[in-house]
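Structure record follows, encoded as structure tokens.
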Amino acid sequence: MSKGIENIALVSAAGAGKTRALTRRFLYLYLHRAQFPLDSLYGITFTNEAAFEMKMRILRYLELLASGCAKDESEEDILRYFNKLFPDSKDRAEKKKRFLLSNLSDLNISTFHSLFASFLSSIPFAAGILPGYEIIDEIQEQLLFETTLDVFFERAHRDTTLYNTISDVLEQQETRLKNNIKHIFWSISPWLEYLQDLVENENNIKQDVVDHENKFLQALKRFRNFIKENELFTYTKNEQKMNKYFANFLAKVDRYLKTQELKIIQNTLFGVDITNKNYMKAFLKNLGEQANEFTEIIGELKNIEMKYVQLLSDHQILIHLKPILELHEQFQKAKQDKNFLTFTDIETYTLRALINNPEPEYLYFKLGADIKHLMIDEFQDTSYRQLEILDPLIAEITSTAPSEKSFFYVGDPRQAIFRWRGGTPELFKLLKVRYGDKIKEDELKTNYRSKEEIINFVNTILEKNDQAKSGNTGGWIRVENLGDCNTTDEGNDKILERTTHIIEDLHDNFGYAYSDIAILVRTNKFGAMVAEALTHKHIPCVSKSRADVLSDNDVRFVISLLKFLDNPENDFALVHVLLSPVFNIKEETLRRLRFGNKTLYMSLIDNHSEWNATKKLERLLRFVHFCNPYELIYRIYRELRLTISYSLATLLDVALEYTKSGFTHLSTFIDWLEKAGPSIEVKESHPEGIKVLTVHKAKGLEFEVIIIPETNWQLWRPENKQLIFSYRESGAVPDKIYWRNYGKYFKHLIEEEHERLKKDELNLLYVALTRAKNGVYILGFDSPKTGYGFWMDRIADTLDSTNYSIGDIIQKEKLVKKEEKHEHPVVISEQPMIIKEERSLYSPTERGVEIIEPQRRRGMEFGEIVHKALSRIAWLDESRIEAYVNELVDNIKNIYARSLEEVSMIEEKLTPLLRETFSDPDLRFLFFRDNRDIQCKNELPIYFEEENRDVSAHIDRLLIEQDKIIIVDYKTGEEKPEYRHQMRVYKKGIQKIYPDKVVKTVLIYLENKCSRKIVEV
């Protein structure tokens, strides 16, 4: 930089100060004599956290330069660097700092998505979207997709052609169809734009398949006839008959020629070098001068075969694309209807607007006019699509002198670990080649983070050439093979036990704080196992690798119990509840209980009412009809005395958030939870402790000590379960995509994929090892299924051993404050409990324990729907009644409708009921203010003491005037005497709260005829 501004591609080793270099570049330009405007400098980082960190560094470095007071060697280096460049750096920094603090909105450090979102906000119509769109996160995206998938399959059930297409494609039973369509959708959808040519050429491809099938048949017949004509040359010397392997091969060829069933021949011929078979080698040798003719026949067959396989692959992709494209279109429409965008959509729409617009130059000018100096962090994780969007800007910048506009990108292809979500490390080199001498390459090799012993280990294992900071020694490495294990589970148990012992040793005997240690895992599932093991040992941990909430056994038990409480006829749910460790009833006992037409619960009531399980279930059922999901789950925890784990605490917090959103229907909560659950991570409450996280999440972080326990991972998993890719020479973008079942016959594709997987795995190991400052523990075991795993095999091949030790673990200074061991590591939400603990609880709406007939249940559900709709009304405006009705119906459909039939039911029943209710003159006092000094409260919970019990109730609507209060309760269905008792209880409770006011109570029978809807109590 001292030579002037240059376009630079900076390769930075782990721990070499990549973010520091990027920040220095930004400040160099900001402090430059050319006085570049602050808003002309643009930095792009990979995450919001990285963007925030860089902003803080810029402010911190400006403060450092303005004060001239360095606290450590790192800050002294910054001072030396800028003082050398700018002798007046102190004054410059002070002025620039003041300006920056007054114009923070002009500090452009953001993620790709933030930049592209700003692009879209400037050109929404060019992108084909409406202004005011909302960007939704992954959880919201998954929920919307699940809803779309439900609608898609409901339509498929009515459209037999579509349903049969899906069934034929997957060749699976209905119960698995939805799940598998979902997996195929997420596998294929990122590549839809690359597959568009296939869709446009569908008819040609179908015809080509037929043509090449005939060509393949003719070539195979010629091949087979030649062998038959020269059958003597296939005979063995001893038996004077055809070699048995040759005979088997020809038998398959004959069967295929007769039936034309590809599965007969494809594994025998496709992608197989038959000239390598011993029997074929002998045949060629025996042929003598005819060998050349046969070699030509084989060559022709193989050429036709490969083209035929390519076409079969294209055809298979097309077959699978049909339902996927239809689902994709429905999903896009669902998002458009709500004006939602996902992070993927942001890139897609931005690129579409820029490519398809008739004046792209103008759009780029409009979007990039202010960007004069572009800086990109973690460039090895940039996707090809992201580069496509920015490439015209980069081209325009690099076509100008760097003193006016410049480009700087930094990263390390050896730390590229995000290929699975589009990261393309090959772009690092591609960009350098594309712009040639316009971009200068530089490199940072010195790792300032890790001790020399760790760096030497990394260089040896991974064939790197990183350098340690001079004098930074005293590190240690431990590689431990825990021996042979019969199963992976047995090995994992050993790993977990050894991991906890290592932590206890480091903490108790060497003075390491728990927060000094990180456990880096491959998968969230194993991370959850580690976190659970630490919790059982009372070792505090902060886990970013916890499994989703539904993967926990305790949570699944509670969900089964909720399903039973929602529908006591659900024997399947109740069986799971009773077999669980909470009740521990034997399967044989349950089998004896289930006889006749009785439900399992009624059998319990009739035959074993004295059982503890029966009493607990009976008590819980009494609360169902007046508890919201949050209250009910809390009641379950208390009634069953469940030990509150991280997972159960998370479930309770989730239920609280759901309830606070205004939703109280138990069935809806269960449906929502089963859809959203896979995206909800279990939370922990420790602010400090052992860090448990995946290697991917550890990127950019550092720790005193790391433990790598999950090493038994092999290169078995493909990049994509459905597709396999052929890349251009640059390796940046696929030039051909194959359906895996056919692409696997191209040997070079499998080999190239294996090399990419291997490279990515070694990159991941490099990232893991270089997170450590002082020490590394690596644990492994040998099992029949996985062996040692790829990482341990690599270490063993390099060191000739799976056990290794170097360096002494040095005693750290004693901790000033001893870390506490938490017997109860989870704090349930601070939200005060609305159920008291020590008294009996009574509700006037409690129905006791009863089995509800389906028809009555549907009536109750409609009553709930009506209550929910009316609870949304404060006061009506007479001129907007129809608009209110439409809004309420749409809102209710979004909450309750799980099928098209339910949508129709809500529209047909709720719409006329609301219109009649709001237009009924007798009910006007309920919903129109009419210049009255009056307040209203909807869905008001009240709790009051009465002798030795607590009374719980929910009032539908409360009208509060100066001198009187009206309690309103909505009813659907027939009048019942108990409703009057219920209202008297409500009145008693309100009189305790408002003793000086007259309290009136009215029942509103919404389905009665006009003039007969109101009953005063």
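Each residue, glycine too, has its Cβ placed from N, Cα and C.
According to TrEMBL, the domain 'UvrD-like helicase ATP-binding' annotation covers 1-451. For S12, A13, A14, G15, A16, G17, K18, T19, the entry in TrEMBL reads ATP binding site. If you look up TrEMBL, you'll see 452-700 marked as domain 'UvrD-like helicase C-terminal'.
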Measure the Cβ-based neighbour count of G17 (ATP binding site), defined as the other Cβ atoms within 10 Å of its Cβ. 18
Note on ATP: the CB centroid of S12, A13, A14, G15, A16, G17, K18, T19 has further same-chain residues inside 8 Å, namely R20, A21, D412, L444, N447, Y448, R449
What is the Cβ neighbour count of A14 (ATP binding site) at a 10 Å cut-off, with all protein chains included? 23
Are there residues of the same chain, six or more positions away from A16 (ATP binding site), whose CB falls under 8 angstroms from its CB, and which are they? L444, K445, T446, N447, Y448
Looking only at Cβ atoms, how many others are within 10 Å of the one on T19 (ATP binding site)? 17
